[in-house]
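As recorded in TrEMBL, the features of this protein are as follows:
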- B:66-277: domain 'ABC transmembrane type-1' (DOMAIN)
- B:12-36: transmembrane segment (TRANSMEM)
- B:70-90: transmembrane segment (TRANSMEM)
- B:102-123: transmembrane segment (TRANSMEM)
- B:151-172: transmembrane segment (TRANSMEM)
- B:207-225: transmembrane segment (TRANSMEM)
- B:264-284: transmembrane segment (TRANSMEM)
Amino acid sequence: MNYSRSKGMGMTLFIVLLLTPIYWLLNMSFKTNQEILGGLTLWPQNFTLANYAVIFSDSSWYSGYINSMIYVSMNMTITLLVALPAAYAFSRYKFVGDKHLFFWLLSNRMAPPAVFLLPFFQLYSSIGLFDTHIAVALAHCLFNVPLAVWILEGFMSGVPREYDEMAYIDGYSFPKFFVKIFLPMIRSGIGVAAFFAFMFSWVELLLARTLTSVDAQPIGAIMTRTIGASGIDWGVLAAAGVLTIIPGVLVVWFVRNHIAKGFALGRV
Amino acid sequence: MNKVPNNRAWWLVLPVFILVAFSALIPLMTVVNYSVQDIFGPGNAYYVGTEWFKEVLNDERLQDSLLRQFAFSGAVLAIQIPLGISVALMMPKSGIKASLCLILLAIPLLIPWNVVGTIWQIFGRGDIGLFGWGLNALGLDYNYTGNTVDAWLTVLLMDVWHWTPLVALLCYSGLRAIPEAFYQAAEIDRASRWAVFRYIQLPRLKSVLVIAVLLRFMDSFMIYTEPFVLTGGGPGSSTTFLSQTLTTMAIGQFDIGRAAAFSLIYFLIVLLVSWLFFTAITHLDKEK
């Protein structure tokens, strides 16, 4: 089957429609508020970086990005550390209650965050973790760990167990085999799992906003501040939005060759 | 793969078990505890049994929001699955173009959900947004903050924009797994393009489609942030979905007992559907 011209046209059209709302945000972030409210212009007439300057010069703005970055990286680290051994166990061994455990883990990925809102708030308040980065990181484990286990299990099942047996014959201990031989073999799977942990932690706001107030507040919660007495500061809001898109684009660049397989949870 | 029975594997799953138990079981038990009590203050709670559940099941506001939720999730699946498959079929197969398409498609998935709401809030406005302005310029009376139908269409369009790429990426990876020989055989048989799709591509997409339907159903069933930012649930309560009703009840009105009972019913619906899908997936894995 050849790649035909009509398909190319259709694809281009879809991509253009997909990018138009994002272009509009980018366009607005370079305009002054007078221009935004003065009428519709397809590109900035008075190009300005003032909106970005507001964000980068005010610590209450840019600390939101730093907070988000901190809890996302914490979450990625925790998720991978606990999910790797568990995924290995699920892909290699039969044990008492394995199927039930797997489904129970999965069911947590399906739990609506709104259900856990109030109990989470009380749980983390009572152990003194409210408004810390680690609280958000742990809360996001609720849906990231099951997903990571599922993805990694898919990738690990693709490695024949003869490798494991060969390593034992060669005298490798289990930890040494796991770190030196097994992990390098599934490194694309690890990359994909890390990518998904990043993605779902980065985009989530409901839990992150509930569990923080000042010190660990994510950028998404800070963005609501642009609604002031004089109405919404559209320019700064657009600039803040654009800045939240950039990390995602950078990360997706690194996993571009594995992303499709990852979205299929390693099952294709 | 044939697995070896070994109960010591529990040691490997233990960290996950403890972590998820901490962040899922304890909160869930708290919810169960609340759902059977009427709480007036610290140390002033009464056991009320299943009263809250009865009340919640008969609450019209909740029934409405449940109906809206099913309508929304149904519409999301009906649009996104066929559209996602078509986009996947149109994608280039290899080379720099394919990489570029993958990256561009993935962008909406990586935007924080409140920013997705913000993007469409701006984009749909009649005065400063291209979309709203364009529709008004065409003579259509479009206003998503005032008109129920417009609000629904905007929320739906936003979700299609946001999540169709996920379905497309899933189907794309499924299509890549089909050996070229299948297509060559079809060409020798002079199969029509429709026949190729119906008898070669669609059957091989089955397992990824189950995952796509599962993920899309779950995530659309839990949707909160995007419509909250875009419409705030309005006009009236026309775009108030389950999560928002629940959040308002628990945090806004602090109606804990009712919210807890509602949470459990909500969770059970999701659990039931996810169990159905999970059974389907494991069944398909066995067939392979």
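Here the Cβ of each residue, glycine as well, is placed from N, Cα and C on the backbone.
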Given B:12-36, B:70-90, B:102-123, B:207-225, B:264-284, the one sharing the most C-beta pairs under 8 Å with the transmembrane segment (B:151-172) is B:70-90
Could you give the residue numbers and ranges of same-chain residues that sit at least 6 residues beyond the transmembrane segment (B:102-123) on either side and whose C-beta is under 8 angstroms from one of its C-beta atoms? 87, 129-132, 154, 157-158, 161-163, 165-166, 168-169, 172, 225-230
Chain residues outside the transmembrane segment (B:264-284) and at least six past its termini with a C-beta under 8 angstroms from it: 28, 31-32, 35, 53, 56-57, 206-207, 210-211, 213-214, 217-218, 221-222, 242, 246
Given the transmembrane segment (B:207-225), its same-chain partners at Cβ distance under 8 Å and 6+ residues beyond its ends are 69, 72-73, 76-77, 80-81, 84-85, 113-114, 116-117, 159, 163, 166-167, 170-171, 173-174, 241-244, 247, 269-270, 273-274, 277, 280-281, 284-285
